Every structure is written in structure tokens, then in C-alpha cells.
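> The structure that follows is given in the form of C-alpha cells.
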Amino acid sequence: MNLSILLTFTLLYNVVLAKIHTFNWTTGWGNYDVDGTFERPVITCNGEFPWPDIRVAKGDRIEIYLTNGFTDANTTLHAHGLFMKGMNQMDGPPMVSQCPIAPGDTFLYNFTVDDNVGTYWYHSHTLGQYGDGFKGKLIIEDGENNENFPYEYDEEVSIELSEWYHKTSEELIPSFMSLFNPTGAEPIPQNLIINNTKNLTWDVKPNTTYLLRLLNTGGFVSQYFWIEDHNMTVVEVDGVYTEKNTTDMLYITVAQRYSVLITTKDDTSKNYAIMQKFDDTMLDKIPKELELNATSFMTYNSSAPKPEESYVDSLDDYLDDFYLIPYDKVEVYGEPDYTITLDLKMDNLISGVNYAFFNNITYTSPKIPTLMTVLSAGTDANNPYIYGTNTNTFVLNRNETIDLVLNNLDSGKHPFHLHGHVFQLVWRDRPYDSDLGEEPHAYNETESHTFPQYPMMRDTVYVNPQSNFVLRFKSDNPGVWYFHCHIEWHMVQGLTIVLVEDPYGIQSDPTQQINQNGLDICKSVGVMTSGNAAGNDDFFNLKGQNVQENFIPGGFTAKGIVALTFSCLAGILGLATLAFYGLMDIPDAVEKVADDLSIPLTDIVDTSTHFT
Ligand SMILES: *[C@@H]1O[C@H](CO)[C@@H](O)[C@H](O)[C@H]1NC(C)=O
Ligand SMILES: *[C@@H]1O[C@H](CO)[C@@H](O)[C@H](O)[C@H]1NC(C)=O
Ligand SMILES: *[C@@H]1O[C@H](CO)[C@@H](O)[C@H](O)[C@H]1NC(C)=O
Ligand SMILES: *[C@@H]1O[C@H](CO)[C@@H](O)[C@H](O)[C@H]1NC(C)=O
Ligand SMILES: *[C@@H]1O[C@H](CO)[C@@H](O)[C@H](O)[C@H]1NC(C)=O
Ligand SMILES: *[C@@H]1O[C@H](CO)[C@@H](O)[C@H](O)[C@H]1NC(C)=O
Ligand SMILES: *[C@@H]1O[C@H](CO)[C@@H](O)[C@H](O)[C@H]1NC(C)=O
Ligand SMILES: *[C@@H]1O[C@H](CO)[C@@H](O)[C@H](O)[C@H]1NC(C)=O
Ligand SMILES: *[C@@H]1O[C@H](CO)[C@@H](O)[C@H](O)[C@H]1NC(C)=O
Ligand SMILES: *[C@@H]1O[C@H](CO)[C@@H](O)[C@H](O)[C@H]1NC(C)=O
Ligand SMILES: *[C@@H]1O[C@H](CO)[C@@H](O)[C@H](O)[C@H]1NC(C)=O
Ligand SMILES: *[C@@H]1O[C@H](CO)[C@@H](O)[C@H](O)[C@H]1NC(C)=O
Ligand SMILES: [Cu+2]
């Protein structure tokens, strides 16, 4: 066989094997009782809930026609963890790589899965929508029937974990981002769910090794996960195969995935508890009625009794993912060419609303999707200024080693996700506890640190309270990529940066030009498709750009300004107007504000005048 015949044969062979998976989805609303205690509106797919799984093999093409069936909200879809090489416009975040899809419009997400295998998910990237149910699993087989998976197993099964609210995001966001919530306390979920239900039964066969794919598709709280009297051997995290590591408990932040091997017992006389537990340190308040754990059932024998809940001695003994080793043993990349340092904090702006900041900037969407600014800016595309001064946009050169140093000045844990990449977690510091008088600990770049030889790689990782981590990755994927906290509440508060990676590489790639469908949805939603962050053709004129509110002026404390703004508002507008703006929807709103701020009620407002 000569070379050209061989090549033709190989090409044909590939064409035959690579499948196209087409989905035609319309969003909508329907009423469902997900947790068995309360019926509420959820986001449906073609009128149904939950959303379907996607299962493809590496190399396949996915085509999703997504029609916005809402009457009053935009939407978009993101395939979480997929690299989207050369296909940045299919990544999903609105005003980053595409325009929002307006009601009635259809956008075709058309991409091949070239470089990813393993456990992923898709979800709306429009604020709050995935918490309302717009999400599903996306499993990528490594070869036909997953034949290239590096470990042996008999059966495969997936389990999706999440928290669940009884109110919709539409109801929760206005009271969360309000004067009535000056500490930025996140809404408390009502339940833990599993596979979009509770009390799940997993029927298992004895003497069988299962590949169990676990996904936390929640929008807020991390979960501990364990199965009574069964070990789990981790073999994949976020699409990266690992050396085996056996544990009896996992800690899974929102957006993370773990694949584990579980070998069942050869005795079918007894059933076992599958346990989920909230990381309650992430909850500002723990209401008495909130059940912090949920029990499901690993069932060997349906006529044997259901198990009781299973306890663990300590929640501290979960597998620390820092120590996992990628199966491919990728060595720690060399010294960085470029380092981005981010200081995270939460604070109030002048309106009294609590926001999240990186380096004092709360992400404020540009007027033009950043990818379209890249494509229209010519040689100016490598100047971060044109992307706006309120978007935290960093420009990365092609094929460099990048360090992302994150200093968490906040007392909460945050799970961070980078689009378009997996990164090496080269450093993660321990938690620092303000209750023990410890100050937030920033990463000291001049100190010498020892990094693992084969750092763990994944796409979502948590930072400890008042602590820091260092992520290292290669800028080998030209595109505009979000890096953000995956707690949806913190996204709403602006905890995001944007990486413009190899802008000239984006410009010169024919497949990276915005397609007609992409241009059409912009036109429909009234967004221009060229210009700088302000929509100006003079790229160095940012007049008219979107910016955050002012900081609280010196001399005032956050508490003081909140109290002042609150009493002014109440005084000027009166109670009826506040109610009109939906600000009074929270029961005992004033008491709550006073309590959150630990100040007397009378410091906020003369209650006898305004609130009787
Ligand atoms: C998708 O479904 C809608 C409604 O059933 C139909 O009108 C449309 O033609 C379908 N589109 C494709 C590409 O199949
Ligand atoms: C789960 O079990 C509890 C207690 O028996 C019950 O109240 C609830 O409705 C069940 N939930 C579902 C979704 O089956
Ligand atoms: C949809 O997006 C456009 C463009 O950003 C915006 O002007 C409009 O307010 C959005 N619509 C809704 C309902 O949020
Ligand atoms: C999806 O993209 C591929 C590659 O650009 C193209 O060949 C194919 O026609 C597209 N699919 C549809 C339905 O437009
Ligand atoms: C969880 O749901 C998926 C469908 O999304 C299903 O394939 C799987 O079997 C379910 N897991 C269990 C343990 O029932
Ligand atoms: C789990 O693994 C540990 C350590 O390898 C072992 O001591 C223990 O017996 C195992 N437990 C079960 C239920 O297999
Ligand atoms: C499990 O396998 C062992 C050894 O291979 C065998 O002795 C036992 O009977 C099997 N148990 C069941 C329940 O099939
Ligand atoms: C589960 O939560 C309940 C109530 O919140 C508590 O009484 C029980 O001890 C918890 N069980 C476990 C295993 O943590
Ligand atoms: C497994 O994880 C533990 C930390 O939980 C770590 O100490 C150990 O080195 C890891 N082993 C392997 C082989 O990854
Ligand atoms: C943020 O603002 C504070 C207070 O004004 C200042 O001390 C700090 O240097 C600023 N941080 C950055 C990264 O600009
Ligand atoms: C960048 O790196 C990729 C992957 O290592 C390589 O294929 C590509 O040729 C490199 N590009 C340049 C301009 O060095
Ligand atoms: C950082 O480390 C260097 C070298 O050990 C030390 O001199 C310096 O004081 C440290 N800086 C801080 C802020 O701790
Ligand atoms: Cu966060």
C-alpha cells in the first residue's frame, strides 16, 4: 500500500468512526417536585426535566440547536471542561465568547470533542439558570465503548450530586444582591439531591467492579460523599486519569467530577448507605430544619432492609486531591513566563450591596463580547486596555507557562474553574482561621516553595479560607477564557477574570471567526459585533464602558454606609416604594440587616416612623 492510499484509508476510517450527535433543545419552565417535599418551577428541556445526558466518544461531533424558549430571559450553554480548541465561539459565556441568545432565537453549538475524555457536564452560563435545573451530564468515552480507559471495570454508572432550593434564582438573586443582605450571605439551600431526586436506590451486582462517575453539579456547597463499608479508588478527576488512590471519603466541590472504582462484596445479604453531607462551613447560617446529610441506598438485595444512615469518625479524612498524580505523569511545567496575581475579597459598594472583587475590580460585562473585540482590534488586540478597565482582562502570549496566584482574603472556601484548560495545582496552602486570630495568608513569591514532581491536574479546584493557591498552565489554546468562582452566587457578585489567550492566533484562525448564526443572535439581542469593551471603534476610547458602582468613601465604614443608605432610602422613598421595588420580600428584613451587621436596630432606622 503506498502512502497516499494509506492516508486516504486512514481519513475515511476516521470519518466512518466519528459520529455526529444532534440535539434539538428548547428551554422552558415546568413545575416539578424534585426533592419530594415541594413543587417549584424548574427549567425544562423540550418540556421535560431533568435534562438528558450526552454520551459521545472522543473525536465525535456534537451539534446542539439551543432555542431560547423563555419569554423574559436570555440564555447560553457551556460544555464544562471541554477545551474547544479552535472553537472558542462555542464555549458559552455571554459577552465573553458569544452574545446572549434572546427569547425565540436559536444558536447552534457545533463542536468536535477532540482532546477530552471522561466525565463532564453542560449547563447554562447565564446567571442562576443552572441552579434552576438547566444542566446535564456529558460523558466522553475514550474510544469505542471506552476501550482505551486505562483500568479494568465491569459496569459503569454515574451519580449526580447537587443542592436544591425551593425558590428560583429569579426570586433569590434580587434579595441576595440587595441592601437587605449587606454581608453577602448566600441563600441557604433546602436539600441535598442525588440524580435530581432523593432516596436513590442503586441496585448493584455482587463481585463486580463498577466505574462510578460522580459529579457535583450544584451551584454553591461542596459535599462529602461516602458509601458505608466500601472503599472508592479514584481513577479520574475532571477528565484527567489518575494513578489509583483509594479512600473511603471524597470532598467534591461544585463543578468537580471524580470517577472511582468500587468493587462490590460477594455477599448479598445486606444493603449499604450512600451518604452525602453538606460542607456546612460554607453556610452562613444553619437553619434548624436543614438536614445536613442525605441517605441513599446501595442495594444488593431488594428484599433485605434499607440501611440506616452511616456515620464517619471525622470529616477531615477525605482524599486531598492535591496529592493525586495524573496517570500520564506530566512533570511540573518549568518556571512561569508570566504570573497573574489575584487578591480576592468581598466588600460593599456605595449602594450597600455586597460584591466580590479580584484586585478591587468586580467583573462588569463589556458592551461587546470580548472575543469580538479581539477579532476586530487588529494589532491592538494584545493591549489589555481595549477590553475595558472593569473586566479584569489579561492578555496571554502564545505557548507560555502561566502561573495564576490566588490570595483568598475572604473567610470562605471558593471552587475556581478555568475554561479551555486543565491546570496543574502546584501549591495549595492550609486554611487560616480568623477565629484563632490568624490573618489571611498571601502567597509569598520570593520565598522558595517545593512543588510536586507530578502535580494533580483538573479544571476546578478549591482555595482554602484566608489562604492561597498557585495554578500553572500552558497558554496553548488561542481563545477568550473565563476563570471564575463556580459558586453561582459569587459569579453574580462578579468573581471572574477573563484571559485573552494568543489574540493574534485567534485572529488568524479561519475557524475562530464568528459564524453567521453568531452574528445573527447578536443583532437580534441588540449587541454590536465589533469595537472595544465600550463598543467604540476608536479602541483607546473607553467612554461609555460599563463600570462598577463607586467604593464607599473614606471615613465611612461598610456598616455605616449600609445603615445610612438604608435609612435614607427608607426615609426618602418610604416603605411603600421599597415594597414596590421588591426590597421588602424578605420577612423581618430590617431585623435581618441589623443582625447581619451586629448593630442595634435603632442604628439602622427609626423603626417607629418607617416600619410599622
Ligand atoms: C427543532 O425542533 C423544532 C420544534 O420541534 C423544529 O421546528 C425545528 O425544525 C427543529 N430543528 C432542527 C434543526 O431539527
Ligand atoms: C425521600 O424520603 C423522605 C422520607 O421518607 C420523603 O419525605 C421524601 O418525599 C422522599 N423524597 C423523594 C424524592 O422520594
Ligand atoms: C438580553 O441581553 C441583552 C444584551 O446584553 C440585554 O440588553 C437584555 O437586557 C437581556 N435581556 C434580559 C431579559 O436579561
Ligand atoms: C458544524 O461544523 C462543521 C465544521 O465547520 C460543519 O462542517 C457542519 O456543517 C456544521 N454543522 C451544521 C449543522 O451546520
Ligand atoms: C443516575 O442518573 C443517570 C442518568 O442521568 C443514570 O444513567 C444512572 O444510572 C443513575 N444512577 C443510579 C445509581 O441510578
Ligand atoms: C478500605 O481500605 C483500607 C486501606 O486500604 C482497608 O484497611 C479497609 O479494610 C478497606 N475497607 C473495605 C471496606 O474494603
Ligand atoms: C463471588 O465470587 C466468589 C469467588 O470468585 C464466589 O465464591 C462467590 O460465590 C461469589 N459470590 C456471589 C454472591 O456471587
Ligand atoms: C444527619 O443529619 C441529622 C440532622 O441534621 C443528624 O441528626 C445526623 O446525626 C446526621 N448524620 C450524619 C451521618 O452525619
Ligand atoms: C493518595 O492520596 C494521599 C492523600 O490523601 C496521598 O498521601 C498519597 O500520596 C496518594 N497516593 C497516590 C498513589 O496517589
Ligand atoms: C485595593 O484597594 C486597597 C485599598 O484602597 C489597596 O490598599 C490595594 O493596594 C488595592 N489592591 C490592588 C491589587 O490594587
Ligand atoms: C504551541 O504549542 C503547541 C502544542 O505544544 C504546538 O502544536 C504549536 O506548534 C505551538 N505553537 C507555536 C507558535 O509555538
Ligand atoms: C517573603 O519571603 C521572603 C524570603 O523568605 C521574606 O524576606 C519576606 O519577608 C516575605 N514576605 C512576607 C510578606 O512575608
Ligand atoms: Cu466563590
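Just so it is clear, glycine is given a Cβ too, placed from its N, Cα and C backbone atoms.
TrEMBL does not curate its annotations; it predicts them automatically.
So TrEMBL lists the following for this protein:
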- 28-143: domain 'Plastocyanin-like' (DOMAIN)
- 155-302: domain 'Plastocyanin-like' (DOMAIN)
- 363-503: domain 'Plastocyanin-like' (DOMAIN)
- 1-18: signal peptide (SIGNAL)
- 561-583: transmembrane segment (TRANSMEM)
> Determine how many residues of the domain 'Plastocyanin-like' (363-503) DSSP places in helix, in strand and in coil.
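Going through the domain 'Plastocyanin-like' (363-503) residue by residue, I get 25 helix, 49 strand, 67 coil.
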> With DSSP as the yardstick, break the domain 'Plastocyanin-like' (155-302) down into helix, strand and coil residue counts.
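Going by DSSP assignments, the domain 'Plastocyanin-like' (155-302) contains 11 helix, 70 strand, 67 coil.
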> Please work out the helix, strand and coil residue numbers for the domain 'Plastocyanin-like' (28-143) from the DSSP assignment.
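Here the numbers are 7 helix, 52 strand, 57 coil.
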> Taking only the residues in the domain 'Plastocyanin-like' (155-302), give me the average pLDDT of this model.
97
